[in-house]
Amino acid sequence: MLAASTRTRQINITCDNPVDREVFLHYSLIPSLCIILVLSFLQRREHRRQRDDTSYLLGNHFGIIVPLDFVGTFSNRWSYGAAFGATANKVMFLFSEGYQPLTVPQWAQAFVLFIGGMEVGLSYFPFFACLSSEFQLVSSILGFSYSLTWFVVTVLQISQCPHGQFLGRFETLVFYWPSLLCLGFLLGRFLHMFLKALPVHLGLEPQTEEKSMLEAHQAKHVKQLLSKPRPQEGEKSWFQTRVYEWDPCFQFPSRMVGTLLLAFICLYLFIVIEFCVFLHVRDKLDMFEDKLESYLTHMNETGTLTPIILQVKELISVTKGVWVVTILPAALTCVTYLFHILACYRKHMKRLWAGDKHFLPQKFHSPSSAASVVAIARYSGWQIAYILWGYLIIHVVQSLCGVMLMYGLVLPIIHHRGLEMLQGFGLGVLTLSIVVGLIILQVWIAGTFFLQPKLGTSDKQKPLALNNRRAFHNFNYFLFFYNVLLGLGACLSRLLISCLLGTWLIARIDRTIMQSGYEGADMGFGAWIGMLFVDHYHTNPVLVSFCHILITSHKDRKLQKTVKYWCLNQSAGPRFSARARTRWFLLQTLINNPRLVMLRKSKSGHSSGEFTQILLTCSDC
């Protein structure tokens with residue numbers, strides 16, 4: 001009772017904070033819009049329509065600002081991840097439907113949540129816009145000022161009200177330290193951008209060259225495809241074989257890194273909130289136990305209900321202990337899923353680059369283009385929601401399994417009924433072993449007596465040809481009635497395994513938990529497939545390299561035309577035939593990849609059989 005009253009006194013403690021992040025979020029829209037207008041004014045419009053009188057004064061200013069290229073951005077990945085992480089607290093408020101700027105009827109809650117999401121996105125838009133802007137000097141100053149403002153507001157909120165109602169001391173710090181860390185990282189990033197852009201603006205350093213559309217890892221991937229496969233040097237370690245192997249020819253886009261970091265922070269906040277709810281429920285249960293004891297003390301003088309009281313108290317105690325213990329395995333399961341999703345993303349992308357779609361269900365081989373474009377916007381948010389809901393469901397299932405384990409194994413030993421428990425456990429294991437043994441025996445009898453012998457000594461199994469047909473028909477007849485009973489258990493085991501796998505893999509958006517033929521009902525898996533195809537079509541290294549060659553060659557030709565007396569300059573050096581150079585490159589490619597000769601079209605009158613045979617012979621050597 002004393003502990004309960006102490007906790008009650010701690011819950012009743014209130015704090016008047018003059019700085020509220022929720023209220024500041026509304027006022028932050030004003031500087032956010034100002035920063036957006038400044039960056040939009042600096043952004044030039046590349047394609048302008050014919051100007052009229054109303055837009056004459058604007059010129060080619062006020063271009064569209066891109067906060068983040070969700071498809072092809074591979075630089076500043078951790079900076080974008082920190083910007084996503086700074087929004088974690090607001091994302092959790094949106095997830096719990098606790099952030100509603102307006103009070104409307106129940107049927108209009110969806111519109112209110114949409115407006116709230118737009119307000120949160122607009123408030124944090126300057127972080128992303130300043131990171132992606134080409135005008136680094138101005139954007140670094142604006143981004144640093146805006147990040148510093150949010151940093152100061154967060155520090156003031158933590159310092160004014162550090163303690164809370166549920167966790168007690170430093171509760172506010174427990175909730176807001178991830179956002180504070182991300183804001184500090186952004187401050188350092190914007191300061192670094194300012195120190196790099198200032199010498200360029202003052203003319204002390206040359207201006208950086210225009211960024212190429214071909215990333216370094218994409219060029220390495222194409223070079224690896226065009227080169228001969230090298231023999232593997234040494235054996236792979238256990239970590240490389242079982243966990244992860246780093247690939248220098250592959251990089252995760254900024255969207256995936258930001259989603260991963262935001263999912264980690266949201267999962268942490270979700271666990272903290274869940275623990276706060278658990279503390280509140282535990283206090284209520286303690287008060288319920290005290291009231292139950294006092295009530296039964298006055299009403300139950302004979303003591304007939306005492307065993308029921310003890311069982312209820314034992315159930316409450318076991319449930320509370322199991323719930324706390326299973327927090328760690330449930331959290332580790334979801335953390336493992338996050339890393340595994342990255343590994344699956346790389347594996348699936350490489351298969352799509354190689355033209356392999358066999359790992360996808362048949363109906364997802366050609367997804368809708370519109371649905372794929374929407375999927376690239378849905379994926380990040382859905383991935384976080386799947387992880388949070390998956391953690392809660394996994395935690396509940398693990399808690400139920402823990403309670404069953406306690407009542408099945410631990411509590412009988414505590415109550416000195418271990419021998420009875422072992423007897424029941426032994427009978428259950430024996431029954432299950434007999435059933436499984438009969439199933440295996442049926443397979444052995446069928447393979448030994450009812451199949452014809454192997455056709456060759458190298459065959460792995462007997463052919464599917466019946467032998468001893470009369471005995472086989474009697475075998476089927478007498479086992480028919482037993483298999484009816486066996487099918488009941490098989491049906492229940494199918495249901496149990498499906499439930500366990502479904503709940504265990506609910507957070508895995510990279511694979512469907514639906515049956516074959518019903519994968520289209522899994523919207524999360526559809527978003528994953530659509531996102532993969534968008535990335536495949538827009539970041540394929542071979543396609544990007546081809547476009548890069550076209551763009552650079554086009555620029556070179558335009559530059560050659562602008563140079564005066566370019567004919568004289570070109571005649572000064574040796575002249576090469578473009579056709580001969582192309583044939584030389586073709587020969588080099590065929591020598592490195594002799595199997596490609598079989599895929600070439602043969603022209604009439606040009607027999608290349610000897611050359612093909614030579615290349616194929618070289619490939620076999």
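Cβ atoms are placed via backbone N, Cα and C, with glycine included.
Membrane topology of Gln106 relative to Asn468, as recorded in Swiss-Prot: opposite sides. Of Thr8, Thr304, Thr552, Thr612, the one with phosphothreonine in Swiss-Prot is Thr612, while the others lack that note in the record, though it may still apply to them. Within the set Asn12, Asn300, Swiss-Prot records N-linked glycosylation site at Asn12. For the topological domain 'Extracellular' (405-424), the mean pLDDT of the prediction comes to 85. Sequence-remote contacts of a segment are chain residues at least 6 beyond its ends whose Cβ falls under 8 Å from one of its Cβ atoms, and for the topological domain 'Cytoplasmic' (132-137) they are 39, 42-43, 65-69, 73, 76, 193-194, 196-198, 200-201.
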